[in-house]
Amino acid sequence: MTSNTSGSSLLRWQLISFASRMGAMFLGIVQSVVIVRILSVAEYGLVSIVTSVGAAFGVYQHLGLASGSTKEISTAENNEKVFKIFLTSTVIRYLISLPLALTLFILAPHLATQTYGHPELVLPLRIFSLVMLVQGVQSIFNAVISGLQRFKRLFLYQVFIALCSLVIYIPLIYFYKVNGYFYALLGFNILSSLVLGYLALKPLSGNFVFPAKEEFKALFKQILSISLGIFLVKIIYTYWNKIGPLILGTSLSPEQVGIFSFALLYSGKLMSVSDSVTDVNLPFLSKKFKENFEEFKQLFSSNFDKVFAFILFAGGSATYWVSEAVYLVIDKQKYAGSYDLVFPIIFAFIFYSIVNIVKSSILIPAGFIKEMILSFILMFFVTILSYFGFYTLLGPLSSMAWGMAFGSFVCATSMVIFLNLRLGYKFLNKSHIVLLLVIYLLCTANLPMFSFIKTICYVVFVLFYMKLLTHFKYLNKGQLGDYLLSLKHKNVKKS
């Protein structure tokens, strides 16, 4: 496969990944709205208690195994090796999931009656413990499908299962209320596991070869070492993402925390772009990294330019139109105090999008786990130090917003430095800085809401931005249209 063909294939699957995520997200929003309408506030509160308790137990069962397994499967020599990796990852998962699920099942009466004072939660908590067992293997099945680059089936599954979720949840919740939610959760996860299992294991039929004892030990150690590193940075990211409400909530009113949290929620939607990219990049580029590093660099740089340009455009547009978006969807004044916070938090997620892409596309394929962990630790502590450093000058809300932006910037910069030192590879250049400055200027524009001049200025910006992209050769004339049309071609390798 030539570099140009690889680049077209990579971008095509990224676009499909983004579209499938948006479709599943839309269906999820519809489902959430219906559930909230069916349940009373008190019933929804009980559901939230059980899901929060379950999440507190469940977070420890993942261990980053999905990403670690995907990386190993994508570079496996044959399907026999793929099955051995799948089997080893599944054993690791259930060595953790079984004790956690059993603990939740046993503690359910105590948690329901003594901790929360609602005996009716015993059954939902015990159902959730069963869900943890059924759910445990899903991410491993997912890793097999992604690692084998069967993206078409995976993305069709995402939309299909979101539709099934609507059909399963709504009638059960309507008739059985709180218990119905957890009946639906269990049924949904059983269906998900069965479908994913079929999609993952069918291509491996005839290759179900169990690893020898020594081979199992080697795979166990290899997968676990990668997965633990990924798990650690996921924990750091989770706390970094929640650090604003956690710290601000200790000294500010709920209303002020709500203002910050809304800006965080609005800006965080930008992550859907890089998340959809990493779904494809991890298996696709892990294989390319192992096969041909020079071709890998060319492929990644070309693809990164396009993704980076789109992330900047999306982030800049979201900031420019924030007041109009909030006014149309929610209320003009309710969250007006969050508008100024969106600017720095959007930039925090722009820089973190770079981190997210580099992590999945280069650091994990290269096995640079220590460098990845160090970069995330820097992000976390620089954010905290910046918050206290800016506090007197900017106040609590703005100092936290800019602290997050500075922290993610330092994280991205440290990764760039590590890659230059370890691989001699630079993928950022002056063109990226120019685009970043252009978006920065767009975000600083303070024009009247819904004004004609604001619309005209945005149109001028879009034309200028597209001119820059063609000047920097991120896109050739008509290239984007060609990529979109290529989604319809039938000469794509069958999944």
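Each residue, glycine too, has its Cβ placed from N, Cα and C.
Caution: TrEMBL annotation is automatic and unverified by curators.
Residues 47, 158-159, 161-163, 165-166, 169-170, 173-174, 177-178, 181, 272, 275-276, 279 of the same chain lie 6+ residues outside the transmembrane segment (21-39) yet bring a C-beta within less than 8 angstroms of a C-beta in it. Here TrEMBL flags 21-39 (among others) as transmembrane segment.
Here TrEMBL flags 45-65 (among others) as transmembrane segment.
The annotation transmembrane segment is assigned in TrEMBL to 85-107 (among others).
TrEMBL lists 127-148 (among others) with the feature transmembrane segment.
Feature annotation from TrEMBL assigns transmembrane segment to 155-175 (among others). Same-chain residues lying 6 or more positions outside the transmembrane segment (155-175) and placing a CB less than 8 Å from one of its CB atoms are 16-17, 19-21, 23-24, 27-28, 30-31, 34-35, 38-39, 145, 181, 183-184, 187-188, 191-192, 195-196, 199.
Remote same-chain residues near the transmembrane segment (181-201) are listed as 35, 39, 47, 50, 86, 123-124, 127-128, 130-131, 134-135, 137-138, 141-142, 144-145, 150, 153-154, 157, 160-161, 164-165, 168-169, 172-173 (criterion: CB distance under 8 Å, separation of at least six residues from the stretch ends). Per TrEMBL, transmembrane segment is recorded for 181-201 (among others).
Sequence-distant contacts of the transmembrane segment (222-240), counting only residues of its own chain at least 6 positions beyond either end whose CB sits under 8 Å from a CB of the stretch, comprise 62-65, 67-69, 71-72, 85, 88-89, 92, 246, 359, 364, 367, 369-370, 372-373, 376-377, 379-380, 383, 404, 407. The transmembrane segment annotation in TrEMBL covers 222-240 (among others).
Listed as Cβ neighbours of the transmembrane segment (307-330) (distance under 8 Å, sequence separation of 6 or more from its ends, same chain) are residues 14, 266-267, 269-270, 273-274, 277, 336, 338-339, 342-343, 346-347, 349-350, 353-354, 357, 432, 435-436, 439, 442-443, 445, 449-450, 458, 465, 469, 474-475. What TrEMBL records for 307-330 (among others) is transmembrane segment.
Here the transmembrane segment (342-366) has long-range neighbours at 67, 71, 226, 230, 233, 263-264, 266-268, 270-271, 273-275, 277-278, 281-282, 285-286, 289-290, 300, 304, 307-308, 311-312, 315-316, 318-319, 322, 372, 375, 379, 398, 401-402, 404-405, 407-409, 411-412, 415-416, 418-419, 422-423, 425, 436, 439-440, 443-444, meaning same-chain residues at least 6 beyond its ends whose C-beta is under 8 angstroms from one of its own. Sequence annotations record features per position, and here TrEMBL assigns transmembrane segment to 342-366 (among others).
Residues or ranges marked as transmembrane segment by TrEMBL: 373-394 (among others).
Taken from TrEMBL, the feature transmembrane segment applies to 400-421 (among others). Listed as Cβ neighbours of the transmembrane segment (400-421) (distance under 8 Å, sequence separation of 6 or more from its ends, same chain) are residues 240, 243-244, 247-248, 260, 263, 341, 343-345, 347-349, 351-352, 354-355, 358-359, 362-363, 368, 371-372, 374-376, 378-387, 389-390, 394, 427-428.
For 433-466 (among others), the entry in TrEMBL reads transmembrane segment. Within the same chain, residues 308-309, 312-313, 315-317, 319-321, 323-324, 327, 343, 346-347, 350, 472, 475 sit at least 6 positions outside the transmembrane segment (433-466) and bring their C-beta atoms closer than 8 Å to a C-beta of that stretch.
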Tertiary contacts of the transmembrane segment (373-394), as residues 6+ beyond its ends and Cβ separation under 8 Å: 229, 232-233, 236-237, 239-240, 243, 247, 352, 355, 400, 402-404, 406-408, 410-411, 414-415, 418
